[in-house]
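Have a look at the structure below, then the notes.
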C-alpha cells in the first residue's frame, strides 16, 4: 500500500523542523497524518478568465478540510493571450505552459503534497497544469473558472452576439466607423470568464471533461452562474475521496494516468474534432500525452480526423452559438453522448466521479436522463450584466436545446459536416504534418492553389497585409515563428483578422510554422512541421511558388520539383536556418526555451534527448 507522500515532512524526529513550519501555517497536532492536498490556483488581475478566482481556492480548501484533508493553496502565473497578442508579449505565451508545469511540479514535490485540485481557466494554464498532473501522477481534479458570457449589442436594429475576435476585426476594418468600433469593443467581453467562443481556453476546459479529469459542466457552465459554485465545492470533497482511495485502499484507478489513458485521449480528441475546437489543443494534448507516457501522437489525430464528424459549431466558426449555447444543449456530455451513439466513444473509460462514460452519460446526458436536477443544471444561462464576480447570477433558459437536427449539437446523421472540425495535412512542405481548423473554412476554398507571399515574421505579415502586398488568391506564408524559431510559437490572430478586415478572409490561405488563436477561422494552416528553424521545407518557399492545398485529401504541397527543393536546401544549409533581415529582441529566458524546443508535431515540448549523456 502506498505511503502518504506528505509523511516525509510530517513524521519522525528528524522532521521536527518541518513540522514546526507546518504548525506555523496553521496545522494542528490532530492534522498530522491527514493527506496534504495542494490547491493549485491561478488567480490574477491581468486576465478576465482568472480575475474572479481569488476566493475560489479557499472555497475548495474549506471543503477539503471539512472532508478530512489539509489544504494548502499556491498560485501559478497566467498569461492573457489576447492582451499579449500582436506584440513581443506573445513570445512568452507558449513557453509559459512549460513554466507553469514546472512550477506545479516544484511546489508539489518540494512540499511532498499528496494530491491536487487544479483551478485553471485560460489558454496555457489548463495545459500547463494538465502536463504537471500527468507528470506527477498523483490524484487530481480540475475545476476551471468557466466561460465568459457572450457579448451582445444592437446593430441595424438587430441584437447580435459578440466576442473578442469581433472587436479585433471591427477595429481593423477601415469601413467601420469609430463609433461602431467602440460600441463593439465595449460590448465584446462583458463578464469575467474565458472568452465566450470555442477558443483555446474553453476547448481545453472541455477536453479535461472528456479526459475524465473534471466534472460535468466544467467546460461549458458560465463563470457568472451560481451553479458553478457546486463544481468547486464538489471538487474539494471528491479529491479527498480519491486521495484516500489511492493511499489507504491501494486503488490506482484514482491516479490521472489510469483515468487519462490512451482511450481517454482518443475521447478528448474525438470531442475536439466534433466541436471544431482550437488547433492549439492538438499541441497541448500531444504534450500532456508525452508527460504521461501515453502512446498518442499525430498519427492517431490524423486517423481520427477522418472518422469523426463535426457535430457542434461554435464561435468563431459561427456567430450564432457561444459556450452558453453549448451548455444549454447539454455541454460536453451532450456532444460525447452523440459520439457514443455514433460508435465513436470509448465508453468504458472512467472519470474522477468513479463512473464509466457509459454510466456518466446515462446520468448526465440530457437526451437520456429523466433527472429534473440535471436538466435544470443545463438550463443555466447568461444574465447580461457586466461583472467580474463569480456565481453572481442564477438565470435559466426556459427550455433546453435538445434539437439534434438543427440545434447547437447535432447527431451524426445531421452533422454540420461528416468531415470533422480539425484536419492534419501532410506533403513536401510539411513532412511531419500541419493542422487546419476545417470548422472555420468556407466550403468554396477546401481546395486552394495560389502563389506564395513569404514573410519572415508576424509583424512583417501584418504590415504586408495592411499595406496591400497580399492579393486575392495568394497563400500567405509566415515562417520562423515556430517554438524554436520565434521563439515561442506566436499566435497569428492578427494576420488572419486583418485578412478578414481587408475582405480577403475567403480569398486567401495562410500557412505558418507558428500557431493560431482559438479565435481564428478561415483557411489558416498552422504548426507546419518540421518548423523552418529545424530545417523544415517551409523555410525553402520563395515568393511566387505555387502552394496546393487539398483538405478533403489531407494534402499540402509546394509545387516545385524535388531537384529544385534539394538545391534550395543545400543553399539554406550554408546560410543557416534563420530569418533574413529580422530584427527581434529575444531575452535569455526565451533563448533557453528555444534551445530545447521541439516542433509542433511533438507538442512543442522540450527535447529530453538533449539532457541525455
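For all residues, glycine too, the Cβ spot is worked out from N, Cα and C.
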| Site-mate of 123, 124, 491 for Mg(2+) in Swiss-Prot, selected among 80, 81, 163, 166 | 81
| request: Can you see whether DSSP assigns residue 81 (Mg(2+) binding site) to helix, strand or coil? | output: helix
| task | With a 10 Å radius around each C-beta, find which of these binding-site residues (81, 123, 491) has the fewest other C-beta atoms nearby. | result | 81
| request: Round to a whole number and give the Cα-to-Cα distance in Å for the pair residue 123 (Mg(2+) binding site) and residue 517 (active site, proton acceptor). | output: 9
| message | Same chain only, sequence gap of 6 or more: which residues have a CB within under 8 Å of the CB of residue 122 ([2Fe-2S] cluster binding site)? | response | 42, 47, 49, 50, 78, 79, 80, 81, 194, 200, 201
| Which whole-number value in Å describes the distance between the Cα atoms of residue 491 (Mg(2+) binding site) and residue 195 ([2Fe-2S] cluster binding site)? | 16
